[in-house]
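As recorded in TrEMBL, the features of this protein are as follows:
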type	residues	note
CARBOHYD	R158	N-linked glycosylation site
SITE	R158	site 'Required for activity'
SITE	R165	site 'Required for activity'
Amino acid sequence: MAEPATATQAAAPAVALLKDELDIVIPTIRNLDFLEMWRPFFQPYHLIIVQDGDPSKTIKVPEGFDYELYNRNDINRILGPKASCISFKDSACRCFGYMVSKKKYIFTIDDDCFVAKDPSGKAINALEQHIKNLLSPSTPFFFNTLYDPFREGADFVRGYPFSLREGVPTAASHGLWLNIPDYDAPTQLVKPLERNTRYVDAVLTIPKGTLFPMCGMNLAFNRELIGPAMYFGLMGDGQPIGRYDDMWAGWCTKVICDHLGLGVKTGLPYIFHSKASNPFVNLRKEYKGIYWQEEIIPFFQQAVLPKDCTTVQKCYIELAKQVKEKLSKVDPYFDKLADAMVTWIEAWDELNPTGPVPNGKAA
């Protein structure tokens, strides 16, 4: 059975990559003791902690970490009426941290994710691998059978077009999990004892035109390239759906990346997911999403953004318009979600007034 690395096995890297250009965003309702295990890897970086639930509760953070903490009162104070777009009693609140960050890169992780070990027993520095993924190009237009050609020991295989070998900027890096897999409630119920012990040493670019289920518990992205698309929707308290926050963000992000000529990678790094959530509670949160996704996914597969959508914000506003036009018939919730998507962009631009987010070359 897979076990997490211990704090003594996690040795600090010689150089903390992008130390002044990356924020670590953590949503939580509890004391952050799990940071002790991550201390060798996380301590050089700035943390943004988004406290969910009761704002009067004190969240304890281990000494020695540089952090800022926001609770619901802070969110309401900073955003005013626009705070309605930030979910409550759901880890979707993490996207507020993306909005208030001033750094180029974001790494977000859940508080039940521990340091994993590779097959040799070495502690995995997940953050370092995410940074390597983000700093090397993606290849969404043609699949390389040796996976990421920019990794050490790999390259483009015979028959790969030379005109595409430059690649495109990488907007997001999606990591995976050992131990508890990220299953939906029906799969959890059918396979309650299943654990992921398979370590696959691979990173791949998700091809253009292909959607994927994005998990937010081990995720990094270039905030300047794709930040405004990383909205985790309306979930949790007062909403008819939960556990689809990261899925929604992933579908929107991938459609926009495809349009703007940006890449998304998946695979390494692994974290150790320590705790299985209650499948019966999850089923109550997910059941409408499980039903709705059969219409949501074809919507995203068919979504086309006009050529004049040259910034992430313009793309996202156009996507919100299409959500309102085409998904409101599925449920009135999507009418509300489309409005929240617009509010999110307005709030993002208020807190980040430097102008449109730069992007890759429009496809």
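Using the three backbone atoms N, Cα and C, a Cβ is placed for every residue, glycine included.
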Listed recorded positions (R158, R165), ranked by Cβ neighbours within 10 Å, top entry:
R165
If one measures from the C-alpha of R158 (N-linked glycosylation site) to the C-alpha of R165 (site 'Required for activity'), what distance in angstrom results, rounded to a whole number?
12
